[in-house]
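Scroll down for the structure; my scribbles are underneath it.
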Amino acid sequence: MARSLLKIHRYFRRKPVRFFSFILLYLTAGSLVFLHSGFSSDSSTAGIAGSGSDPLLSEGRGGTGGGSATSEGLGLLGRVFKETRRTPRRFGPPWMKESRGQDAPEWAGRGFDHTSSWSHGAKGRTTKEMDDGRAKYIGCYVDDTQKRALRGVSFLDYKKMTVFRCQDNCAERGYLYAGLEFGAECYCGHKIQAPNVSESECNMECKGEKSNLCGGPNRLSIYRLELSQESARRYGSAIFKGCFRRPDNVTLALPASAVMQNMSVDKCVDMCTEKEFSLAALAGDKCHCGFPTPLFNLHEHEDEELCLHRCTGEDFESCGNRDFFVVYQTQVQDNRCMDRRFLPTRSKHLMALASFPGAGNTWARHLIELATGYYTGSYYFDGSLYNKGFKGERDHWRSGRTICIKTHESGKKEIETFDASILMIRNPYKALMAEFNRKYGGHIGFASQAHWRGKEWPEFVKNYAPWWASHTLDWLKYGKKVQVVHFEDLKRDLFSQLKGMVIFLGLEVSEDRLLCVEGQKDGNFKRSGLRKLEYDPYTVEMRATIDRLIKTVDMELRKRNLSGVPDEYRPR
């Protein structure tokens, strides 16, 4: 045996080329053996898929198909080869992954070739519902960088993009559609201007949410948004204000104007934005720009049908006419009410802005600061509010440098400290939910579903609902001079309610400043209108308790010759 090996060794030393040729032949033969085993196991997997079960989808659902069993005996090379030969994975939106029941389409569970079904007419058939009260999945669409499918605003986030974040941003701006692309890009628009394609082409995971898909390369996963009433009044970056009669003196009321060919909302809004005006008024083929003033205060709305005249540049838009203007608010900031400062001389009188938590105190402070030009203070200190512009937050509440002091206190001693107070009251059903969201999600955030369905919510209602009533009753009883302001009335008629608050604070009213506030009323202190609870969190017992408390407060208000609680939350 040793002699034979020695002879072979000497032979290959004399002829090394033959040695390397032999080694190469040996490796080739070994590779073919491995490849053959890969083909065999892959064909068995294909047989399983043909019987109505996609092994990849089965794994995703926790199924026990034969695909995994056949792969156990494969070496590394065999497994890699098998993966490369598989039918391309069919990615789909969440509704496809979840719905495999009776209502699922026939192709949802088998090896269906999506590319063979593309057509413009397929759009209606491929529309799948992800209907959670916020949005409905429409499909996968082509997107061209030169000619976008959705032509509104867009934003990118290559770390934290999610489906909800994109939907929320588009909804807040009043767009009807939200589309995601490349896993990280969000596009908004009022109409889809591209054909739909195979669902398999929208196959990229969201950067901030691996469980969802966010389009693909030059492919948009598009959702139709169910807008809140306020969001529905938006048009992209502009806010629809309504239909208004032509002002008596257009030149004074709206100082900039131009005749535009192929008029559209975008063209007029863009022109007024460029000229730095906060209002864009469309009058047929003419575009007017200006600010809200006593000459054109936007308080007397006309029937919107009077403005239903098609734009020459966009058939589905209304551009008004010579007598009735369609008005939009642009993104230009009206600076007439943005200057704020501390009181020039320290006040000896302490004015409270009192409310139950969740009754809109932060929002009311924002409005008061804009309307008066003076900072508001706080009985507490909240660093997050200071960082958002409430500079009076750091002052001691007795400093006398702020126009009023935020407080949620309700004890006799604390109330009698103040010389006068504005008492904010809000529907307890809304206030309790707002405070619960604040407690578990921040000033403009949301509590999670786990908090709502867990022990926290019932315990919260049990402790806080009686406080809602006792807080109001204590301020009515111990307050030296109290002006009641209902959150709902302030929201419904901001101009007159805020005017009354400014007068109560002992300041001169600036109508221009109040009109400016109307255009900036939300500030950064409003929760998104898109995320809604999908169920009523109040039990029958909770409602019975809260209704009794509402009646108690209503009776006390009427005893003092006040209007009582607003109709929307008085028990019926």
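Cβ atoms here come from the backbone N, Cα and C positions, even for glycine.
Values in this document were obtained by computation on a predicted structure and should not be read as measured data.
The topological domain 'Cytoplasmic' annotation in Swiss-Prot covers 1-18.
For 19-39, the entry in Swiss-Prot reads transmembrane segment.
Look at Swiss-Prot and you will find 40-572 tagged as topological domain 'Extracellular'.
Positions annotated as domain 'WSC 1' by Swiss-Prot: 134-226.
What Swiss-Prot lists as N-linked glycosylation site is Asn196 (among others), and the listing cites sequence analysis. The Cβ of Asn196 (N-linked glycosylation site) has 25 neighbouring Cβ atoms from other residues within 10 Å, across all protein chains displayed.
If you look up Swiss-Prot, you'll see Asn249 (among others) marked as N-linked glycosylation site. Cβ-based neighbour count (10 Å, all protein chains) for Asn249 (N-linked glycosylation site) stands at 10.
In sequence order, Thr312, Gly313 constitute the residues six or more apart from Asn262 (N-linked glycosylation site) in its chain with CB-CB distances below 8 Å. For the recorded site, Asn262 (N-linked glycosylation site), the DSSP three-state label reads coil. If you look up Swiss-Prot, you'll see Asn262 (among others) marked as N-linked glycosylation site.
For Asn561 (among others), the entry in Swiss-Prot reads N-linked glycosylation site, with the evidence type sequence analysis. Residues within less than 8 Å, Cβ to Cβ, of Asn561 (N-linked glycosylation site) and separated from it by at least 6 positions along the same chain comprise none. According to DSSP, Asn561 (N-linked glycosylation site) is assigned to coil rather than to any helix or strand.
Residue pair Asn249 (N-linked glycosylation site) / Asn196 (N-linked glycosylation site) shows a Cα separation of 49 Å. The helix, strand and coil residue counts that DSSP assigns across the domain 'WSC 1' (134-226) are 13 helix, 40 strand, 40 coil.
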